[in-house]
Amino acid sequence: MMGSTYIPQGTTTKLSPADREASIKASTDNLRREAFTEWPNDAGFDGLTEHRGPIELSVKGNIPVWAAGSLYRTGPGQCKVDDTKSGTFHVSHWFDGLAHTHRFDIVPPAQSEDGPVKVLYSSRRQSEKLAADIKKKGILRSITFGQRVDPCVGIFSKFASVFSKRQDLVNVAVTVNTSMPSFGPGSVVLGTDASNMCHIDPVTMEPKTFLNQSNLHPELKGHFGAAHGLVDPQTGDYINYNLDFGKQSTYRIFRLDAATAKAHILAVIPYKPAFVHSFFMTQNYIVLCVPVAHYEWNGLKIPWEGNMLDAFKPFDPSEKCRWFVVDLRHGRGLVAEFESPARFFFHTVNAFEEEDSGDIYCEVIDFPNRYIIDGFYYNVLLNRNNAGREYWGKDGQLTKESYPRLCRFRLRKQDFVTGAASLPAPECVMELSGPQAGDFPVINPNYNCKRHRYDYILTSRGLSTFFDSITKVDTDTQEVLRWEGPHGHTPGEAIFVPRPPASAGEVLDEDDGVLLSVILDGPNRTSYLLCLDAKTMTELGTAECGFAVAIGLHGRHVSVSI
């Protein structure tokens, strides 16, 4: 069913492996000439408003009826609070922007109607209590990811601030979980890198309950976990870890049972504390890879600094990433450990097992160091006071070695060992580096914990302080299809919606589906929902807002039966 006549706004380009060097050079050249200063994406980070709606959007082209459902997007919203006792309060780091969740409802036509789908939009802020406290006090009184501290604060005031941090002022704005155990079918729960969760109304997105992992199990008393908890495709169980600081910091891998809503500890792992944003799961194992993002003072420097970023140890290239393999099915706990050279990562892609050998394959996007984190300060993203120029102009930032890598590692079953003085290293069996590696990877969700072929990633041609394109990577051939919008059109994470089978026996290709991405039209300071054919990376249609929608972090599509 077609809407109005649709003229594609962007273009799709095919890149072979031989094109990679040219794309690296083009991206580097764009950064050297500071092309990002001409790419307006500030409307996606600043001056954002709440629209409780629902507002009907203007649909152009064809958004398939089978994509009907709700697309939830969450992430940072407000980056400043006006009229506080100290004037305007500015949030320093994008990850600390105040939580703002968005819902795009793709509504099929009624059976009696013949026409295109409708798209309705609404949004809701979830950190109103925190915003009110900032307005009243003029400061941010909770532990943050990277909020800058006034350098003029004296040692006594800093010591006092350690004890003034408020645990009840939470800001949960990273991931969207649906139908989680303990919350019931149809539930929507927001997650973050702290052990906090926010249960929201699935329709209005109003916060219903803020809770902690310790509410699920008394041993989950640590303050941190993975923003990207995983759902076991076989059982529906929710899997995550809890990090407890102390003289000996401890990771507890746990499973929240879908049938009983009870939490069970799968493994207790004493190891130095670090920032671990995501992890891996296969049919039979959980794999926790701890990158070189370790905290000083066994994590106890976090309350002293008031944020996680300033509590990191300096990046040490002689350190190792430690891989912990935990049994998921049979209660055997930790079954293997591996080590690999120093790297940093935010996002795992997928993991699966080889049927014959039992070897584990883990795919991840990693970085040579932690410098990428500094690129998400608002001053850099918005190039305030030439901070973007300073960040991208640093020595080493514009070399081929500074780009992220899309890597697939093999953990051999025959190398499984624990507690050894010398640990085996995972084997890198696939690597793609350069601008095509990008970040914010997604796959067809039907292939979670299975061997997959296609990754969909936000990428940069060096034109923006954020991302400027969406790529499809064929991990078998390393060919790339890249969608790029007009100048100044900034994409958000692309969510894969699989096409449902037309009949019980139909076998679908892995890339048979669509991608939904919220695009910021920077020059016009508006946004639109883009629908791409996941096979060809060509545009099918859009739903256009008359205002800017925040460039968010992550999202989830919840299908409805047609």
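Glycine residues also receive a Cβ, built from the backbone N, Cα and C atoms like all the rest.
Sequence annotations record features per position, and here TrEMBL assigns compositional bias 'Polar residues' to 1-15.
Nonlocal intrachain contacts for the region 'Disordered' (1-21), taken as residues 6+ away from its ends with a CB within less than 8 angstroms of a stretch CB, comprise 59-63, 65, 109, 114-117, 432-434, 436, 477-486, 489, 536-542. For 1-21, the entry in TrEMBL reads region 'Disordered'.
The Fe cation binding site annotation in TrEMBL covers His228, His277, His347, His554. Around His277 (Fe cation binding site), the C-beta neighbours below 8 angstroms that are at least 6 residues distant in the chain are Asp193, Ala226, Ala227, His228, Phe345, Phe346, His347.
Residues near His554 (Fe cation binding site) in space but far in sequence (CB under 8 A, at least 6 apart, same chain), listed by position: Arg73, Thr74, Gly75, Val174, Thr175, Val176, Ala227, His228, Phe440, Glu493. Excluding His228, His277, His347, His554, which define the Fe cation site, the same chain contributes Val174, Thr175, Ala226, Ala227, Ser278, Phe346, Thr348, Leu553 within 8 Å (Cβ to the Cβ centroid), listed in sequence order.
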